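Everything below concerns the one structure shown next.
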């Protein structure tokens, strides 16, 4: 009879319909297990209203005794690790033989069962290959345990800093694949889940690796399950636990966003590149904080190879290293809005994780990145001489979460940048045109100056040739004195341009004090002529040598000042005419002396012009006059 009654739901009690299917006798009475385990018979209207609960992801419930047996009563030998949320033990389920990781949450400040189960349901919805899968839970009495899949390879921290004897270090491609997988998991939490899940505790110890180094993120979405939420003492200890990974806004007490996770991911990526811990107290004081140590290196691309992990032995593409450092530097920006989206980081790392030696190709389309600043930064890092792309604080605005607003802002920025580039290019073209015009004008002016100089030189040569033709005739003493006077005037004009007023004043005073001398020659004594002519020839030869030295000095002085100036041209012409006139004067003087000796009948006076030792012809007259006077006095 009882069996017959059990076949019909109308004879079953309400309590029996709501009874759970599992044999967990230690659960509290206020837990409604039918949310997870629907009744066997669902023919009533009440069960139809619970159809949404049937669509919940399957989450298995465990009793405490079963999990204690799986972990050997939570022995120390089964302990995998300990964090801010509690301890993690390795266990084996006796029913299936499956290896699991049992996380025993701290008992202090626990939520009620309803809140705990709501969070468990939200965790069960998060399914991704790069996330550790939640298998079940336990809520017996005051016990709160979570059961996850077991990842056999250990954590990224173990492979970077706690290598076993004989274990090979990870190569460059493996490290980039780990970074790419972690970025995929983080991108799922940020963009594929509504509302977005903020990791809050991303670090190397929370990235688990399987036997093939496939990364899986753990401890995600547990911030609401965190015991002691609201307790300032506990929160401060949590900050200390993640010190070195936490974003600057977290330490300032600001609200956390998805960009805070991007900063933590940048620290992990920097650890993969350098092989250094985020905080290492064994290093010198200026190298204990990894981010603070790396910030100056970001500005010097030549030092990028030096910051790479020595265990890599430089077995990586230099271009790929530069691009990885560029991505890291963007993730570690001080301002949250200046950091890239994790989706763009994921796309960039997808190319770096490939088995290529060229890094990210330059032909990656702009549409691959949601934020165009990432593509610009990577294109700038195509060579080894480009510094990391950094967005200034002035350009950083309050970016909205929607992609349409960010795209509009980026388009406006691009248009402004294009306009600025066009304006700068136009200015450069104008400057080049003006420079070419000025060069043409200068060339034409120089050609004109050369033509004028040549014409003046030709005129000077013509005048010198005409004067040489006329100098063949005998000129009187007055004509000779007039020529000497003209030479004195031209030379004084030249010297006035080169010397200062003091020298000119001293020269004029010297000229005023000197007097002209006259000598008379005895026409009756023939034997004196030969001695006098000999001394005069010797003096003329000495004067010629002195005059040549003075001419060379004048030429060097005239050519060293300004070659293209009209003043220099006139100085050259004066020097050339002066040289020609001096040669004519020498010839005329010799003919004049021969005429004096041949006539021997008249006394002639020679006019000497005193120029304070500056004019060669004047000094010659003074020397000759004095010698002739001395000879005449001896004969008398």
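Cβ coordinates come from backbone N, Cα and C, glycine included.
Checking the ranges 18-57, 58-97 against Swiss-Prot, the region 'Disordered' annotation falls on 18-57. Of the listed binding-site residues 80, 88, the Cβ environment within 10 Å is emptiest of other Cβ atoms at 80.
In sequence order, 88 make up the list of same-chain residues 6 or more apart from residue 82 (ATP binding site) whose Cβ falls under 8 Å from its Cβ. A straight line from the CA of residue 80 (ATP binding site) to the CA of residue 242 (phosphothreonine) spans 19 Å. Note on the modified residues 205, 242: the fewest other CB atoms within 10 A surround the CB of 205. Here the Cα atom of residue 86 (ATP binding site) is found 15 Å from that of residue 242 (phosphothreonine).
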